[in-house]
Amino acid sequence: MKIVRVALAVPLPRLFDYFVPDDVSLQIGMRVLVPFGTQKRVAIVADFPTKSDVPEDKLKAILQPLDLAPLFTPIYWDWLHWAANYYQAGLGDVLFQALPVKLRNGESAVKNDRTFWRITDAGKNALKQGELKRSKKQAEALQYLSETDLEKGNNDFSSAIWSALKAKGFIEEITIQTNPLSWQQRLGNNPIVNAENRLTLNKQQALAFSQLLFHSGFNVWLLDGVTGSGKTEIYLQYIEEILKSGKQVLVLVPEIGLTPQTVQRFKVRFNVEIDVLHSNLTDTQRLYVWDRARSGQSAIVIGTRSALFTQFSNLGAIILDEEHDSSYKQQDSWRYHARDLAIVLAQKLNISVLMGSATPSLESINNVQNGKYQHLVLSKRAGNSTALRHFVIDLKNQNIQNGLSKPLLERMKAHLEKGNQVLLFLNRRGFAPVLLCHECGWIAQCPHCEKPYTYHQHQNVLRCHHCGAQKTIPRQCGDCGSTHLVTTGLGTEQLEETLKTLFPHYSVARIDRDSTSRKGKLEGYLEDIQQGKSQILIGTQMLAKGHHFPNVTLVALVNVDSALFSLDFRAEERLAQLYIQVAGRAGRADKQGEVVLQTHYPDHPLLTTLLANGYQAFAKETLQLRHSMGLPPFTFQALIKAQARHSDLAENCLSQIADFFQSKQITGLQMLGPMPAPFSKKAGQYRWQLLLQHPSRMTLQKALREYQQAELEKNSQVRLILDVDPQDLS
């Protein structure tokens, strides 16, 4: 009896055995349909063991193979196994993550033909006669078809619209047999680039570019360039060289950095096949791009984090923009980091990774210092951008209106009256709220740890996340006796309403995840900003990077204090990165730019170092501090989270896990917790966490593997999450 071991997308970190009928031929990496309980499930062939732990008479047969050949090349298969091992994830979770949804659901991976919608003569007449005046969306779809055929399922119109038009006889389906051409065949004798759009590199850019070309094979390059220094031009010219060698390129950008203007810049420069992968695509569109990259039809794929799992027939380089950005870390399912996984993939493919940032992560700076990464520096702004002026406003004793001080309002008024735009930036992500005195700046601190208490709104208590101590909310300041105690944090909607009242003659645009959740909203806002229709811009992370706003001359960071006293040791690094990135939005043309920072703590070491000496000086000091405190990147961490409807269930579950690690007596292993998460209740679930830390990555991995294999008592009411190399401790 031939046995096959398969991976399934189920919440169980194990593989499952079936037997293979004699007339069926399988290979590792192919999909099969199997019985699983009372259901039929898609599975992926992972191994052919000689025997099974399941008795032969209990083994079920696979139902049918779904592929003629493996869906994964040997290198990608090896890479995905590495990812599953490192991130302590189920192989099924990882393999299925690497496939488009349509393939996860069992649809065919072979695309021999494509189906299109085409307008009929009746449809053309209907357009002329205006028969669809009452059906605006149908009229739009028909108008679109009058200009070009549209692939079925691979467009922006719903299936209901097409069904209605087909029922009326206005459109028809046509099927075209395809023999896909590679991107080089489609290019023919045309040039790869439009040379008139290629910019002349300055001395620093030319030096960096020549170093890139001099080295071949696997390398990790950190392009460390100040905002506006021309990193994108180096990307484009490097991509041109890769394409000239006949290879493909993957360009990764943060979720919020993938805008139409980013894609347009590539399409204006290159005459090759460019595909885009992002969260707004349909499942059909995602499968289409996956197939094109795998068959060599795509020359360039630009995408967000998950685009990393796109297989290429001949990948030549990976570009990773804004390498420091936290959105490269997956925060649900299995928690991989796209930057780190991209480097492992490049190593296995023997190609280079070019990573760029104006504010590199401290991990990457440390890897440069250790000789693991090559360092390319662009310290000068390209073009005619003028130097910025920086100002700090001390909020103590200021009259504040919803987070806005009088000096800031006066500066805003001055810039707006000159016809310029103003950007106010808020960031609350991952920053735990702390209690402070508005009069003198006193912070409520734990007397045992000398660290700020975290304010827990649901329980209305202060809790120390270093030792677990808690206390009731004080009525007055511990230093000056003032009763004016405030928590850090401010909402974009509150700020929007305040600004509309204070500046009634100017248009206010609020750009955050809520206001841009609908398709096309972000693009509309960005166009309004470019055209000057909005004068006051309120932004979150979305506006911090990548956008060119030539008329923005004043940028203000409204609330930074929570980052200065966060229990997350990375909060200060993120604040420094945000400050530099946000400042890069001001004065990008020939206009003088100003950056204003509001804080109760103008003398905080982070702010004084950052403003006086820049990001590199801050990074150097912070790395020294991390080293002395035994924090990453000099140690390695894993976070185990427990969520349950009852707090004691989550706490007890983590206590059992902590006891397990304690029993192993692992030298050098530090544990913090179990303790409530900084945001201890979310969506009706109580959240607890246990942080593990060790100076050896290998030792920590071994301990985690033993924990995964241990027969610990499970509680179905508790959801456990393991996050290796956590980026967010909240």
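Just so it is clear, glycine is given a Cβ too, placed from its N, Cα and C backbone atoms.
As written in Swiss-Prot, here are the features:
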- Gly225, Val226, Thr227, Gly228, Ser229, Gly230, Lys231, Thr232: ATP binding site (BINDING)
- Cys437, Cys440, Cys477, Cys480: Zn(2+) 1 binding site (BINDING)
- Cys446, Cys449, Cys464, Cys467: Zn(2+) 2 binding site (BINDING)
- 212-378: domain 'Helicase ATP-binding' (DOMAIN)
- 472-640: domain 'Helicase C-terminal' (DOMAIN)
- 321-324: motif 'DEAH box' (MOTIF)
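Features recorded in Swiss-Prot, as mapped to the structure shown.
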residue: Val226; record: ATP binding site; contacts (Cβ under 8 Å, 6+ apart): Ala358, Leu378, Ser379, Lys380, Arg381, Gly584
residue: Lys231; record: ATP binding site; contacts (Cβ under 8 Å, 6+ apart): Leu223, Gly225, Asp321, Gly356, Ala358, Leu378
residue: Cys437; record: Zn(2+) 1 binding site; contacts (Cβ under 8 Å, 6+ apart): Ile443, Cys477, Asp479, Cys480, Ser482, His484, Leu485, Val486
residue: Cys440; record: Zn(2+) 1 binding site; contacts (Cβ under 8 Å, 6+ apart): Lys396, Cys477, Asp479, Cys480, Ser482
Is the motif 'DEAH box' (321-324) packed against any residues at least 6 beyond its ends, judged by a Cβ distance under 8 Å, and which are they?
222, 231-232, 235, 251-254, 257, 339, 355-357, 359-361, 364, 545-546, 577
What three-state secondary structure does DSSP assign to Thr227 (ATP binding site)?
coil
Within 10 Å of each Cβ, count the other Cβ atoms and name the one among the binding-site residues Gly225, Gly228, Gly230 with the highest count.
Gly225
Cα proximity to Thr232 (ATP binding site), best match among binding-site residues Cys446, Cys464, Cys467:
Cys464
Cα-Cα separation of Ser229 (ATP binding site) and Cys467 (Zn(2+) 2 binding site), in Å?
45
Which chain-mates of Thr227 (ATP binding site) that are at least 6 residues away have a CB under 8 A from its CB, listed by sequence?
Ala358, Arg381, Ile580, Gln581, Ala583, Gly584
Within the motif 'DEAH box' (321-324), residues counted as helix, strand or coil by DSSP:
0 helix, 1 strand, 3 coil
Drop a 10 Å sphere on every Cβ of the binding-site residues Ser229, Thr232 and tell me which sphere holds the fewest other Cβ atoms.
Thr232
Give the mean pLDDT for the domain 'Helicase C-terminal' (472-640) on the 0 to 100 scale.
80
Per DSSP, Thr232 (ATP binding site) is which: helix, strand or coil?
helix
Return the count of C-beta atoms lying within 10 angstroms of the C-beta of Cys477 (Zn(2+) 1 binding site), excluding that atom itself.
21
Determine the most Cβ-crowded residue among the binding-site residues Cys446, Cys467, Cys480, using a 10 Å radius around each Cβ and all protein chains in the structure.
Cys446
Which residues, in sequence order, are found in the same chain with Cβ within 8 Å of the centroid defined by the Cβ atoms of Cys437, Cys440, Cys477, Cys480 at the Zn(2+) 1 site, excluding those residues themselves?
His438, Glu439, Gly441, Trp442, Gly478, Asp479, Gly481, Ser482, His484
DSSP state at Cys477 (Zn(2+) 1 binding site), helix/strand/coil:
coil
If one measures from the C-alpha of Cys467 (Zn(2+) 2 binding site) to the C-alpha of Gly230 (ATP binding site), what distance in angstrom results, rounded to a whole number?
47
